[in-house]
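Peer 1: Shown below is the structure under consideration.
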Amino acid sequence: MQNIIEAIDKLASEKPEAVAYQSETETFSYQILRQWSNSLAYFLNQHVAAEKPIVVFGELEFEMIASFLGSVKSGHAYIPIESNTPLDRIQLILEVAQPAMILSVLPWPAEIPLEIPVLTPTDLAEVFNSEQEPIELQPVSEDETFYIIFTSGTTGVPKGVQISHKNLLSFTNWDLKDFGIKTGMRFLSQAPYSFDLSVMSVYPALCSGGTLVPVEKSVINDFKKLFEFLPKLALEVWVSTPSFIDICLMEKTFDGEHVPSLKIFQFCGEELTRKTAKELLTRFPNAKIFNTYGPTEATVAMTQIEVTDELLTTYDRVPIGYIKEDTEVLIYDGDQEVSEGEAGEIIIKGPSVSKGYMHNPEKTAAAFFEIDGVPAYHTGDAGRLHVDGLLLYEGRIDFQVKLHGFRIELEDIDHHLEKVSYVKQATVVPKYQNHKVQQLVAYVVVNDNDFEKAYQLTKAIKEELGEGVMEYMIPQKFIYVEHLPLTANGKIDRKRLINEVNS
Ligand code: AMP
């Protein structure tokens, strides 16, 4: 495949009635996907200045997918924003991104005053269904930015990772080749589109004539509904974080006997523990189970390994796998490559490495560089590369963590926590179990206040913090202290607190 947009449109010509998206209540064909995205592209071409990106606001609706494709067909990168994002965070994203337009698949929060034009859900539906005059379009191609995904930033301002058409193409071609995906399979679409894990469902499905099958948050949050729902979906390709499958495995009947359609499991985004991997092998003996690894900055994932009983007896941590063909991994100690087999920082070099963070030259320069003219990225992950090319993961070298698959910079939470009116100083640390973060613990020095009980204070702090950060970034436990420990050079000693909560 040479071009993502052309590949999806070709499928619409060859098999117009094939199902591109099927939710509980709605079914959309490839033909509709092409029609809607074309109508939107013609509209954007006439109404929106070139260059600037387009924000697409909603959850897992089909209109989100049609908006993504409409944007890139008209030459604009798109930025997915989940509708439950706190207003302050949306503001920060808009300040960085300076989008040309907002396509609101779900109603845009009225509290945000804007100069940027917003298409309401009704306007958008009208555009999709309108007869627009076909015009020559210049879709996003090569190194032009296809999408921008915002991730947690250490300064409290989210970083926009810019992924080009070339980056996405490199990822999608690999994903369609290395995992046994065949034409017309049914893919679980569970991760919000603002997380790059969702890309592992969207483009492999749409470029292989497959069907996206969304499982919305309202279902996930109601386990009874979720467990009734899952077997009915006839899913063939499962894409999720290990944390999500852990929830599903709570249901005893979630196995190959009751859900025989499942053939391929792809996990990414956080440690796949041996316990989860073992349970999956027992429950789904006829499926293929893959661990994959990669940061958003290198387009979703770039290593993979099939989990087998033998693998689990050989390694005490599930390896993150073999590197995709067009990419290279180097292990660095600072700026120097280490000797073979030694531990150090994982550096990714290849065509799926992003051009950097949007409008953020400082952070871009700190993490991205070139090796022999090829883009390279400092992952901040510690790892070890075996002689046979197998990559092993050994944690982080900084204070980024994964909680239930969500990527969080602890400094991002500290920053927003210290802005809370009751807080004088704060540091957040992770509590681990089996190499996975179970809980975030906040150590807080508070200002004088009138709360009688600590839980009342905690409730008030959590409420105020929730205005600035995503719900998953709110610490589960608060410990109130007189002062925070300092290192010899006067910085807050986070490592000491990490040892304290994990001892
Ligand atoms: P994200 O950008 O949200 O995809 O997060 C990327 C980070 O998640 C990586 O840098 C790793 O720290 C972690 N990660 C991703 N996949 C795995 C995996 N299979 N095992 C362990 N950690 C992972």
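Placement of Cβ uses the backbone N, Cα and C atoms for every residue, glycine included.
Computed from a predicted structure; not experimentally measured.
Reproduced below are the annotations present in TrEMBL:
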type	residues	note
DOMAIN	11-357	domain 'AMP-dependent synthetase/ligase'
BINDING	T151, S152, N291, T292, Y293, G294, P295, T296, D381, Y393, E394, G395, R396, K491	ATP binding site
BINDING	D196, V300, K491	D-alanine binding site
DOMAIN	416-491	domain 'AMP-binding enzyme C-terminal'
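Tell me about the surroundings of these features in the structure.
Peer 2: In the predicted model, the domain 'AMP-dependent synthetase/ligase' (11-357) has a mean pLDDT of 96.
According to DSSP, D381 (ATP binding site) is assigned to a strand segment. With a cut-off of 8 Å between CB atoms and residues at least 6 apart in sequence, the same chain places P295, E345, I346, Y393, E394, G395, R396, I397 near D381 (ATP binding site), listed in sequence order.
DSSP gives V300 (D-alanine binding site) a coil state; it is part of no helix or strand.
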Peer 1: By CA-CA distance, flag whichever of D196, V300, K491 among the binding-site residues is nearest to T151 (ATP binding site).
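Peer 2: So, spelling it out, the nearest of the binding-site residues is D196.
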Peer 1: What Cα-Cα separation, expressed in whole Å, is found between K491 (D-alanine binding site) and Y293 (ATP binding site)?
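Peer 2: Y293 (ATP binding site) has its Cα 32 Å from the Cα of K491 (D-alanine binding site).
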Peer 1: Among R396, K491, all listed as binding-site residues, which has the most CB atoms within 10 Å of its CB?
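Peer 2: In terms of Cβ crowding, the pick is R396.
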Peer 1: For a quick check of understanding: among the binding-site residues T151, D196, which residue's Cβ has the most other Cβ atoms within 10 Å?
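Peer 2: Checking each of T151, D196, the winner is D196.
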Peer 1: Given the binding-site residues Y293, E394, which one's Cβ is surrounded by the fewest other Cβ atoms within 10 Å?
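Peer 2: Lowest Cβ count within 10 Å among the binding-site residues (Y293, E394) is E394.
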Peer 1: From the DSSP assignment alone, can you count helix, strand and coil residues within the domain 'AMP-binding enzyme C-terminal' (416-491)?
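Peer 2: Its residues fall into 17 helix, 27 strand, 32 coil.
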Peer 1: I'd like the number of other C-beta atoms within 10 A of the C-beta of P295 (ATP binding site), please.
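Peer 2: Summing over all protein chains shown, P295 (ATP binding site) has 25 other Cβ atoms within 10 Å.
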Peer 1: What is the total of other Cβ atoms whose distance to the Cβ of N291 (ATP binding site) is within 10 Å?
Peer 2: 25
